[in-house]
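Asker: Here it is, the structure in full.
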2 protein chains.
Amino acid sequence: MNFNYPDGRKFQRSQKPAKLSTSQSKKILFGDRGMHLEDEINESNKYYRGHDIAVIYKKPTPVQIVKVDYPKRSRAVIKEAYFRQASTTDYNGVYNGYYIDFEAKETTQKSSFPLKNFHQHQIDHLRACEKQNGICFVIIKYVALKRYFIMPATKLFKYWDGQKHDGPKSIQLSEIVNDSYEITPDYNPTLPYIDIINKLIESRKE
Amino acid sequence: MNFNYPDGRKFQRSQKPAKLSTSQSKKILFGDRGMHLEDEINESNKYYRGHDIAVIYKKPTPVQIVKVDYPKRSRAVIKEAYFRQASTTDYNGVYNGYYIDFEAKETTQKSSFPLKNFHQHQIDHLRACEKQNGICFVIIKYVALKRYFIMPATKLFKYWDGQKHDGPKSIQLSEIVNDSYEITPDYNPTLPYIDIINKLIESRKE
């Protein structure tokens, strides 16, 4: 099947890496084993949940259900539904008493990260959660460079709001490097982003 | 349209009360204006969000999308999808830096609240979030009595786990009264449950 979510995101089945022999596995560049950012985050969240470290989930895609069939001997089938506009970001949960909320975006570009990757409702939601003292950020993946960054929401707002005053419509890699924490991809979990959340919590205390 | 969610919950459009004259409106019993608990909570959440008090949402129903049509001049239509088992509770969000997580159930009974209203995955999720120091609870509505209670998750676990040791399969109203905080229905918001969350936070500090 091949379809796009209304925000243009392509529907992709998780691409599971093929099993490898031990000698092959030593050559693996941890992280980005051909997976999309969404799968890498979901895999990490599964690890965090399984080890009682954090409880963070991707929110289901909101749909407006119009028609459902109830065949006699099988499960209910939704026959007509429409994608609804989400009101929130994609990910949230709890870590050590803190409310965690983030959006994740990937780009194939090598420096420019277009701000139109984000949508107004995601910015509004991050702002509202930031106001409530949640830990809010975005995870940005440069696919071509295999680099991952966590940019605090407050930094993102600076660029987002800058557009209103004729500011640039994209953020450059150098700016992201300056305003973000870089995640070092690893194994178990694939993306140890909780390590960065600890830094966000520390910097908040100062 | 008339269908049930896989957990048996009926799909209901929000029942909006008819407009009333002033003399009639004075007789209104605030809260339970013929609405289901889900609508009362959603209305209250909307109020809390609109007044920058808390950012709490109901999670979308998870569906597994199999087929989507893209008609030329109209929006995408999901033609085949299935209900997925949720992994979490229905509601979560942030209030004053705290992670809030809860499930909401209503009963038409006058005392007995059957524990099978809850599902194992909801209990597991509440337990995991409680472990992470989230503020976790259930909202229980006795529809016939027009009474609403917030029971902390830890109290619910006591009854849930009791079943394994031949404990009762239901909680009685008197037990709920003893182990919960009662919400006084009101107007703006309909269900001022944040007032109870403040009490949960206070009791946690002791």
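Every residue, even glycine, has its Cβ placed from backbone N, Cα and C.
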Asker: Name the residue, out of A:E43, A:E103, A:E106, that TrEMBL lists for the same Mg(2+) site as A:T88, A:D90, A:Q122, please.
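Answerer: Between A:E43, A:E103, A:E106, TrEMBL records just one in the Mg(2+) site with A:T88, A:D90, A:Q122, namely A:E103.
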Asker: Using a Cβ cut-off of under 8 Å to chain B, which of the recorded positions A:T88, A:D90, A:E103, A:K105 qualify?
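Answerer: Listed recorded positions passing the 8 Å Cβ cut to B: A:T88.
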Asker: List the Cα distance (Å, whole number) between A:T88 (Mg(2+) binding site) and A:K105 (site 'Transition state stabilizer').
Answerer: 15
Asker: Tell me whether A:T88 (Mg(2+) binding site) sits in a helix, a strand or coil according to DSSP.
Answerer: coil
Asker: Can you tell which of A:D90, A:E103 has the least company, meaning the fewest other C-beta atoms within 10 angstroms of its C-beta, among these binding-site residues?
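Answerer: It is A:D90 that, of the binding-site residues A:D90, A:E103, has the fewest other Cβ atoms within 10 Å.
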Asker: Restricting to the chain of A:K105 (site 'Transition state stabilizer') and a gap of 6 or more, list residues whose Cβ falls under 8 Å of its Cβ, or answer none.
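Answerer: Set apart from A:K105 (site 'Transition state stabilizer') by at least 6 residues yet with Cβ under 8 Å, we have A:L37, A:F113, A:N117, A:F118, A:V138, A:I139, A:I140, A:K141.
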